[in-house]
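Now, the feature entries from Swiss-Prot:
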TOPO_DOM  1-24  topological domain 'Cytoplasmic'
TRANSMEM  25-45  transmembrane segment
TOPO_DOM  46-73  topological domain 'Periplasmic'
TRANSMEM  74-94  transmembrane segment
TRANSMEM  96-116  transmembrane segment
TOPO_DOM  117-142  topological domain 'Periplasmic'
TRANSMEM  143-163  transmembrane segment
TOPO_DOM  164-175  topological domain 'Cytoplasmic'
TRANSMEM  176-196  transmembrane segment
TOPO_DOM  197-228  topological domain 'Periplasmic'
TRANSMEM  229-249  transmembrane segment
TOPO_DOM  250-278  topological domain 'Cytoplasmic'
TRANSMEM  279-299  transmembrane segment
TOPO_DOM  300-333  topological domain 'Periplasmic'
TRANSMEM  334-354  transmembrane segment
TOPO_DOM  355-398  topological domain 'Cytoplasmic'
Amino acid sequence: MAQVINEMDVPSHSFVFHGTGERYFLICVVNVLLTIITLGIYLPWALMKCKRYLYANMEVNGQRFSYGITGGNVFFSCLVFVFFYFAILMTVSADMPLIGCVLTLSLLVLLIFMAAKGLRYQALMTSLNGVRFSFNCSMKGVWWVTFFLPILMAIGMGTVFFISTKMLHANSSSSVIVSVVLMAIVGIVSIGIFNGTLYSLVMSFLWSNTSFGIHRFKVKLDTAYCIKYAILAFLALLPFLAVAGYIIFDQILNAYDSSVYANDDIENLQQFMEMQRKMIIAQLIYYFGIAVSTSYLTVSLRNHFMSNLSLNDGRIRFRSTLTYHGMLYRMCALVVISGITGGLAYPLLKIWMIDWQAKNTYLLGDLDDLPLINKEEQPDKGFLASISRGIMPSLPFL
């Protein structure tokens, strides 16, 4: 109750997005045309132009964000990735798999380092009210949360799953059913633990190393909460999987019976068309289940994350009020209508989604009460730092 009262006593500022779908649509059309005309060379400039438009039109507490990266800043990095891509293809086509594997592993080893450097560069080139964001972390921590920890968790869950299979017996039909149910439960819980734990640790690590000017962000997520909703999201998918699986299995049996008993070509064609129709229905049910599960998980984790994010020892807090149904129908519209229109509706629907997310995201407090001072930091120099700029991960809401 005290937390509610405290939040009601402080000013609340919702994020406001001033962009329009029509303007963003024109930007995307021009970008696509220029990218085609230049045979892909303009792509870095196109991507940065879109991001600058989105950032420049996002406002909070009366101030708009600024994004200072241009296509020229990341062009060299893109060239390096193109070089690696064609080098790997050439080694594979030249029947030199060993060299191809070495190049691929080299790129993967560098990728985590480059992602951390790229995230730092993105943060430093993003500002609000003239104050830059910053991201500083140890590479040991990055390797732990993004590489070693997932591998150790995967090995641990694989071991548990293997031991579970050895402990179960399938001496009768009833024991087979019990074994399948228990293995499904173990699998669902394992996936939930893996996803929930990783989300909690990765987000806590990223934002605990992020600052706004001289002020640090803090976030302490409830790992049990994240695991719970990761499991519930997967459970929400199961009914759709069951229905889609039943339809597919039924069609496989029908196809087998038809191949045995049907002799008429016209009858075979009709049965084939009917099978294709039901297969499409099964796929649509499956994809809708994915949308339901994804929207549920996204909203649950985002709202939890925002409610636990703070700046300057809690003087500035955040809140998210996204809803499951709001995310679901916007996500479905983004995929379905964009697909039907060949991508033409995507810019309009993306702006619609961003505007809704902004209206349901709040800053609790007043940034003007903080000393708005920049850290004395500059983007990293050197070859590795330069090629890392094309790795463009971004912190949520940055």
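Cβ coordinates are placed from backbone N, Cα and C, and glycine is handled just like the others.
Small disclaimer: the values here were computed from a predicted structure and weren't measured.
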Exercise. Please give the sequence-distant neighbours of the transmembrane segment (334-354): residues at least 6 beyond its ends with Cβ less than 8 Å from one of its Cβ atoms.
Key: 17, 19-22, 24-25, 27-28, 54, 287, 291
Exercise. For the topological domain 'Cytoplasmic' (164-175), would you mind checking the mean pLDDT of the predicted model?
Key: 68
Practice problem: Please list, for the topological domain 'Periplasmic' (117-142), how many residues fall into helix, strand and coil according to DSSP. | Solution: 12 helix, 8 strand, 6 coil
Quiz item: According to DSSP, how is the topological domain 'Periplasmic' (197-228) divided among helix, strand and coil residues?
Solution: 18 helix, 8 strand, 6 coil
Quiz item: Based on Cβ pairs under 8 Å, which of the stretches 74-94, 96-116, 143-163, 229-249 lies most in contact with the transmembrane segment (176-196)?
Solution: 229-249
Exercise. Six or more residues out from either end of the topological domain 'Periplasmic' (117-142), which same-chain residues have a Cβ under 8 Å from its Cβ atoms?
Key: 55, 60-61, 63-69, 73, 205-206, 209-213, 367, 372-375, 377-380, 384-385, 388-395, 398
Quiz prompt | Summary of DSSP states over the topological domain 'Periplasmic' (46-73), given as helix, strand and coil counts | solution = 14 helix, 8 strand, 6 coil
Quiz item: Other than its close neighbours in sequence, what residues sit by the transmembrane segment (96-116), given a CB gap under 8 Å and a spacing of at least six beyond its ends?
Solution: 84, 87-88, 137, 139, 142-143, 146-147, 384, 387-388, 391, 393
Exercise. Report, as numbers and ranges, every residue of the chain located at least six residues beyond the transmembrane segment (74-94) whose Cβ falls under 8 Å of a Cβ in that stretch; write 'none' if there are none.
Key: 43-45, 47-48, 100, 103-104, 107, 386-392
Self-check item: For the topological domain 'Periplasmic' (300-333), sequence-distant contacts whose Cβ falls under 8 Å of one of its Cβ atoms, 6 or more beyond its ends
Solution: 7, 10, 12, 199, 203, 207, 212, 215-222, 225-226, 229, 232-233, 288, 291-292, 294, 349, 352-353, 356-357, 360-365, 367, 369-370, 396
Practice problem: Could you pull out which residues elsewhere in the chain have a CB under 8 Å from any CB of the topological domain 'Periplasmic' (197-228), counting only those six or more residues past its ends? | Solution: 119, 123, 128, 131-137, 141, 145-146, 149-150, 153, 301, 304-305, 308-314, 316, 370-375, 395, 398
